[in-house]
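Taking it in order: structure first as structure tokens, then the write-up.
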Amino acid sequence: AALSPWDVMLCVSGTAIACENALVVAIICYSPALRTPMFALVGSLATADLLAGLGLILNFIFQYVVRSETVSLLTVGFLVASFAASVSSLLAITVDRYLSLYNALTYYSERTVLCTHTMLAGAWGISLCLGLLPVLGWNCLHDRAACSVVRPLTKSNVTLLSASFFLIFLIMLHLYIEICKIVCRHAHQIALQQHFLTASHYVATKKGVSTLAIILGTFGASWLPFAIYCVVGDPDYPSVYTYATLLPATYNSMINPIIYAYRNQEIQRSMWVLFCGCFQAKVSFRSRSPSDV
């Protein structure tokens, strides 16, 4: 088959995603200071995005080097499971951030650890089931009329995936609105205690709300076009439409490490130790909680 520039861009995107997230996974695994529920969720997100990047690379290889319908089906199922785990991990991080503010006094307890493990088990379990659906028979290899804009997934399959994404997006939107309310309420309470709203409190509140808007806006801008096109698109449409909406969706996995990992000062310190071999005590770092946005 002729080499498609879209497939090349997806492969390049997958390579960048894999490299970025592999570093995050390595730092979290080899840093004892990062063995906390918050970093377990960040590690889950990085692992899911790492697998998604590898899936994009494998999809390119099997499409142009080892052509097989069975292998292609396995690769698509692997990608579905990986991206589903990535989106589910984002939801788990959002829930964790909300709980760290809503239940601030009881957040650092064994109950939080149990809640984190439960969310991770649920996220990966559901993602694995979604990835296995096309492999176990929910595909259009033998019925071309049932194909969706993403072959070999069926129309009903992509509709289920899109509906799941819309539900997760709405839940995240609701939780981030609640987080904004809590942040603003905390700033107002501090202002009442000090009898006036200082400029630093206003700037901190505005920065927190702006960061939340950027996080949710990036997530929506990356995945909404592809999710909508999966519902309204027709398999007879030019494949360029599918590529044009799918490529921005992969960028979300490229941006996630920057938003959720590399901005964190504990991970910055671990990276400093990893690359420099030593830690200069004169460089100060402050441990951050999940509510630090």
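Glycine is no exception: its Cβ is also placed from the backbone N, Cα and C atoms.
Look at TrEMBL and you will find 20-260 tagged as domain 'G-protein coupled receptors family 1 profile'. Annotation source TrEMBL lists transmembrane segment at 6-31, 38-65, 71-93, 114-138, 158-177, 209-228, 240-262.
Spatially, the transmembrane segment (114-138) is not adjacent to the transmembrane segment (209-228); fewer than three Cβ-Cβ distances between them are under 8 Å for residues at least 6 apart in sequence. Counting only same-chain residues 6+ beyond the ends of the transmembrane segment (209-228), those with a CB under 8 A from a CB of the stretch are 87, 90, 161-162, 165-166, 169, 172-173, 176, 179-180, 183-184, 245-246, 248-249, 251-252, 255, 259, 293.
Panel annotation: around the transmembrane segment (240-262), residues 4, 6, 9-10, 13-14, 16-17, 20-21, 23-24, 27, 42, 45-46, 48-49, 52-53, 56, 83, 86, 90, 93, 149-150, 214-215, 218-219, 221-223, 225-226, 229, 233, 268, 271 of the same chain, lying at least six beyond its termini, place a Cβ under 8 Å from a Cβ of the stretch. When Cβ-Cβ distances under 8 Å to the transmembrane segment (71-93) are tallied for each of 6-31, 38-65, 158-177, the top count falls to 38-65.
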